[in-house]
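Per TrEMBL, these features apply:
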{"type": "DOMAIN", "residues": "2-369", "note": "domain 'RecF/RecN/SMC N-terminal'"}
{"type": "BINDING", "residues": "30, 31, 32, 33, 34, 35, 36, 37", "note": "ATP binding site"}
Ligand SMILES: Nc1ncnc2c1ncn2[C@@H]1O[C@H](COP(=O)(O)OP(=O)(O)O)[C@@H](O)[C@H]1O
Ligand SMILES: [Mg+2]
């Protein structure tokens, strides 16, 4: 799939921007603070129904305005799709081919995009929430049903937490209500865990291949789903896992009431990354961690292709110049002429290896973007 056109009206520092993109490679050059990341954000927003920077719509609206519009013309195998998002201070409205959707989340599944930015090192180095977000966004993009499960789970979780708090504060005698919530949380939570494991099993093969390629066979990357449920085994089926989930909740009853929140479940799980059997987060070198971040992104591209039949759009924010020779080569090989790529950089110096096929170059300056004649 590829984007034919992007329109941003009063989005961040763009007043009125309309750009036609190259189906292959698009290079955006500009000094810091000019709008390069803003431009990528307007696209990623439509793939994930949210911004990677903030979930507050009002921050994306131009400071001098009170509403904003992002519109994309997307070309998929089935045909053209027009996606639009209208932002107001406390409201977000999305449209597909000019038809408003009931919920913003229904945007999932139209545009698939993979974003690789310097922030992605957090995926490796920081806490579990970054890895959960990674896997959840990845699956949501190809499976709107999974996103629906996540929303349902979040809702159940917050209701159950409210109940736990009220029991802790002695306000509620509703302790006998807990088993009902356990059942519901376990039903949905089990489906989420199983889907994550299924996807990680696919991703880990792809990520391992990428890591080996980038390091010329020296590093074996492994991914493992790490669940907060006691006595978990990856071979368990849905019914067995659901029972285990309920038993685990019961075994944590006193702890949960004294803390006032749910201490186990997919919202507490993690993905462990290892290189040559060593925990990457704890012991990996900066170089190994960077390589793994890239390997995961490359795996994401292939995973989405295998799920949807089409490569997603690849957004590279300021990362290319940081990559060394081998990592750069791995990236160029996968992009080739088959993935629409939108890349930002402060200068074009290191980008020559990319320009084997057709490409456009744009200059970004103070919220204006001009296509260069190349
Ligand atoms: N809501 C907004 N309205 C107007 N300008 C904004 C808004 N949000 C951010 N900006 C401006 O956008 C610029 C940052 O753009 P960004 O795309 O991050 O730069 P870069 O080109 O370095 O990636 C800053 O100068 C900031 O002042
Ligand atoms: Mg930037």
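Glycine is no exception: its Cβ is also placed from the backbone N, Cα and C atoms.
For ligand 1, the neighbouring binding-site residues among 31, 34, 36 are 34, 36, by Cβ distance under 6 Å. Fewest other C-beta atoms within 10 angstroms, among the binding-site residues 32, 34, 37, are seen around 32. Checking the binding-site residues 30, 31, 32, 33, 35 against ligand 2 with a 6 Å cutoff on the Cβ atom leaves no residue at all. A coil conformation is recorded for residue 32 (ATP binding site) in the three-state DSSP classification, outside any helix or strand. Other residues of the chain with a Cβ within 8 Å of the Cβ centroid of 30, 31, 32, 33, 34, 35, 36, 37, the ATP site, are 38, 344, 346, 364. Residue 31 (ATP binding site) counts 11 other C-beta atoms within 10 Å of its own C-beta, drawing on all protein chains shown. Per-residue pLDDT, averaged over the domain 'RecF/RecN/SMC N-terminal' (2-369), rounds to 93.
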